[in-house]
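The following features are taken from TrEMBL:
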- 1311, 1315, 1334: Zn(2+) binding site (BINDING)
- 298-509: domain 'Peptidase M1 membrane alanine aminopeptidase' (DOMAIN)
- 589-896: domain 'ERAP1-like C-terminal' (DOMAIN)
- 1236-1442: domain 'Peptidase M1 membrane alanine aminopeptidase' (DOMAIN)
- 1542-1852: domain 'ERAP1-like C-terminal' (DOMAIN)
- 1-24: signal peptide (SIGNAL)
- 1398: site 'Transition state stabilizer' (SITE)
- 1879-1898: transmembrane segment (TRANSMEM)
């Protein structure tokens, strides 16, 4: 249950401990003032410790029976306002000990009748039992005539009557009055802590959990809600039956019978609703939204899903507690359910989210796991308090909510725990004792202690401990030792070494009262320090010996690093401990408790305080924000208690002129308010005013009195604090701005922000003209809203004009106005406490009107009361004399208006003030005078002495008392921040692991079509922008309904709307209609679908305009409209804005119909700073200066009709290389590197235009730009007219970029440009058909590049890069069809961007090209594009174009079957080509090829396959026209003209299938391959033979002996294509061998020997591209597997690191790191740090992974965790770390598992880590590695969410690989050993012969 109602200045928290000052300052007008409580606070009294025993004083139930389940049935007619209700409860119990009595709890229940019936006998009958009551302990005792035996089971049935209570406890009545004056009644519950017994007799203790079934009879016009959903089958009109709950505590049961209405939403499959009185549902959106994201945040954090099927919230009109955590039905005061931007404060918005966080945390801590007894109340309330902040910090990460925690709960706990007398764990029994536990000791203190250990143990350990705790104890009850045990298990599991056990450490805080004061003594000579500890008490002379196990850490001036809050040391439970393992310079300041996470105060020596103060003035941000606040807070308390001099505090505070954060200013404001209160009556008060104004002026001028759009939300709190402080001390600027703000509202209607309403009125009225005063007074009298009236009265008390105050006060005596009796006696109180003027005016008024004032209510003596209160504000002799004279005058002339002791009371009140002033006034005012003479903060030593004396006296004047309960959380929130949190990338899983689509629909309805978007965006990128990295957006969307509707559904994510409206599009020349507000409906956060409704029909085929104004955030996750940065040559960080909208991220930049089928035109308008430039899809048509030329509005030409994901824009300081139509953009220093892409891009675009006979520039966009983006998640993106790339994918340096990188750049340019036709002009209708876009782009990536770069043999490379690579994935169950109709969720969408859509899509297209003929193919593509241009397409559109151009003589009859079998089915066939024994016929048969026969894949799929082949007779490898089509399982036989010795099918591997032959055929192929010119076999077919052989053997279709025999031919192979196939196949075997590679190394060296010797290291100008690529591969494999000459030469090249030939750098770098050590790594790292060429930078960072030494492996891993490697590159760097050396697999796995949370943060989410783990596991070769994987998965799977399935799948993969190795790897090993053994013998024989010859010669 929440413990606040809230909204108060944190000032009150500090003042709480100083009662005299606290009562001097009136609190601000709060939205809510009543503190929330649980339990019956009227019962609270001082508690003596109790012992749990069986005496009559024991309030605990006996343990002889336990409840199993309850069936509660209630009858109520609350709709009439009737309080009576009837009930029947049936309780199934089990007897634990022999007994004849059953004891239950009851309260205010009468007319009992009870029966008991055995559940152990089917023939048993109910037996009446005698019931007696014990009122004091509220026991209902049922007595049976016989003994109930242990183990027996019974059902108790009790009928009873009762009344709905009036005190908001138990089952009670509430009501509300609607706008028409009608009263509506409702019945609701509040059972915590001991009130369930009022609704039904029960075992009303938290540990006695049971199942509950609730039935409620009510009027049919009302509805009932409960913890669980309605059981629809059992319910009927007026009778609501609820589903049975899990086992739970009685106090968590809740039900409401009302006419409430609700709003609802759903996130992650959990439906949530918010209920409250009718007519307020539009105000519930924020509560609903907060509930959705907070629950999601908590479930993810705890790793345990919410346990119930639904979660409701309800706002109750009458509710004593602030909120209540009933499981599945949280209840609140109704004010906490309502918020609107127009009328509610930002404070309230934050409070709502925070209190929801509190109650929702209880759903786990308190509900899922309950406490054994109220002794451990903190075990639920402490967690709820802490995680109310943590959940908000997760859901709204930019709120910096822990600043609010620090100045509220944390400070409150420190203040209160300095005087509390009970520990966190404290035994209680009676209801009154239990109620007394609901305070700081159970809320704020344990929250602070938990936060301390969350940081000290690390969040990873703490979080894991909570997960273990929740999972182990779910649906049960616990005590603190259960929590300690789980935390200990987590510490052990995650290798956190603690010097003491968790139980010892934690219990020292939970079982003893108070907290420690750490006194730090520095040894400045040795650089060490010691710490002594004792309990901090307000009275420092009190002797105590308490000690704690204290976690500490520290920062210093030389190392001001606050990121790591893990404890560096633990103080033992001893008085003193020396920290000797440090060396701190004597000139450095020392600060303990980084981020103030520890729950203790720290006292330093004076020298260290001086160093800290100087450090604050010089470099304030070398101190963490919360540490700056804590330093002042501690220093004030130390001054207050006589522990340090006042000079230290003021010295610390003198830095404040440079402070811009909320928490420090909140703390400082509290301190300065104390002094202002006492000094405001002094003749030299101006000195204090000037001092405070000097501190506050700069930040006040910066923030002003108006909210600034997009500013940090804590600025709203800071502004409230500073406006109050600055105006309070008379800042002219504050008066001026506040007066203007109020006048603009009163005279011009300029709305005042709700958050600033109090400050605007109060500050604005301080210098108000009479007309303004009169207007506000008149408004007060006219108002009928009680809260508004209170607000106006409070604001008028701020007046500083005596005549206005006089008139205000006199209104209290004017009976003709509307003031109520209470209001009349409250006017004076609003003024006298606010300053000298208000106090004087109050005395003047009473002096003249005391009798009339006394007559306002003679019986209550209001005159007596106000005189006593005024006395508390008197702080000057003049005031004192006037008040004394007034009291004497009244006593002499109207003693009846006073009480007997009035004079004594007044004198005592004034005396406490003057006692303080007698001690402190002169030293303070003297210090201020000296300060003015010396200037600013240059305080002399003499002044510090004076102030020290002052503070010493200050301490003796204070009386301390406990401030019973603190007011709490302040904060402001912005909805856009909720959505800005980066989402984890969706997990890509094989279809078999996909869940079916949930009940929500991911697809938009198609009843509305967008026509045009007109978008204006203004990003904030400058350092001076207060709303930096956000953007303002406005969009007008023209739509046309297909059918008449009122529903508008579109996509939106992370956008915060300020305007949503629509109107009918006017006819040309007509005036637009007035905008109409759109009604915002449910926003499904899973699908991003935002539903809006119109007030009238949108008529079919008519045009309408949707208009939205909104804000968004520019995140750094490389999606949506995001921010990127780079460091230029001047070491300046430059920021830019760029976009990446595919597939579903346009919705993050503007509300949109964000599916590819919804094509529209776009008008883009971008507002940019003067020094920036912009670029978008189309040409810039105008650029207009704004704001004195500091900004420009860039307007772009309307785009062609296209999909949302293709829109793009960039705001940057890029340079551009361009001609009239084509340009390349990059950061200025990279301009020289744009030449190649500029040249090749123009050429490829022209060639594609020619090939397709559709000129790009005629398609609707007359320009093409390409841009290199520093941070870019995709390799490149096909935005129409503005292609975007990673820098390494576009930039070429002629001296550094390798030929391979140059080829990649040309190829990716061709890929993206091909999309201009395939994807942009014609777009796949939905992502199910992604291959229609990506397959063609990948096809032209090779064949389009080949049109320009003719020397690169791109057509040959296609086979090994695309066909052979995809066959591996497509031969397992982890695949999907090209056209996959099961595509809905973001995870599905991500899956579609895999090698199936790209590689297989391109392969299929190439197969069709060869099947139908190239010319026909080309013609069909043009027809397809023309027919479907500007439209979405489906595969049938392409098929129809192909069929229209497919020649009959090329098996046209089979064309559709070919198309369908390869696009709608997964996988591909294995063709068995069997040459007959006589060589005259070939039999072709098919079956699906699978690498694994039992992985769940369907082995019976049949394909329609175009077959090509040749034989030893013709050896025709150029004819790729199919010779037959194999269309079924029936073999097909062809007859040859002559006898052949071999057949070879799949010419140039144009078909998508593998081929197997008889062993004799393979042997004949082998003979051909080792012959001249490899038997005339085409190099593509040689590559095919190699690839097929290795995979056939891997799958078990042939023996490895045969495969390896044929592959012996490779010793003669010197061509790139076959070798690439070989290396790819050998790589799998190398992985399976693990570190056992001795024989394999020899094998590789021998196979590559010829190629190695022929190619060498030196590049020739005569080398072809493929020879250059082959050289790199051969060198890499030769060096890796021990070719000594290769290694030595590579190392030799490395010695001249900066002149290594570019095309062999990858080899030289990698070999040198593998064979070297730290020296080589340091050299390469140094080069990396200064590298300016993107391709070389990539090569360098990917070479880091070649290291083998453990220290270097860790170093590279830490680089991945750091920001030195961009997020987009982390995966590739990490991958090389375990792929380049098999030995690294286990070390890297250990690093990953030990740093899983840090890695998830670095890589952007746990899904990325799951991929890393999966890839690592695929390289495991030992059972022990599998065991480690399983343990890791078991321990961590919860935090991976949906990605846990990836981890589980990895276990299967490892087991399959181990099984494969056991059955097949032995053959390979045997072959290698035998082969190498023979080679060795031959070598020895040769050596013997040479020796014999040598001996012969010597003779």
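From the backbone N, Cα and C atoms, a Cβ is placed for every residue, glycine too.
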Ordered by sequence, the long-range same-chain Cβ contacts of residue 1334 (Zn(2+) binding site) under 8 Å (at least 6 apart) are 1319, 1393, 1397, 1398, 1401
In sequence order, what residues of the same chain, 6+ apart, have a Cβ less than 8 Å from the Cβ of residue 1311 (Zn(2+) binding site)? 1276, 1278, 1337, 1338, 1340, 1341, 1344
For the domain 'ERAP1-like C-terminal' (589-896), the averaged pLDDT of the predicted model is 92
Other residues with Cβ within 8 Å of the Cβ centroid of 1311, 1315, 1334 at the Zn(2+) site? 1278, 1312, 1314, 1318, 1319, 1333, 1336, 1337, 1338, 1340, 1341, 1398
Same-chain residues at least 6 apart in sequence whose Cβ lies under 8 Å from residue 1315 (Zn(2+) binding site): 1278, 1333, 1337
Which number gives the other C-beta atoms within 10 angstroms of the C-beta of residue 1398 (site 'Transition state stabilizer'), all protein chains shown included? 24
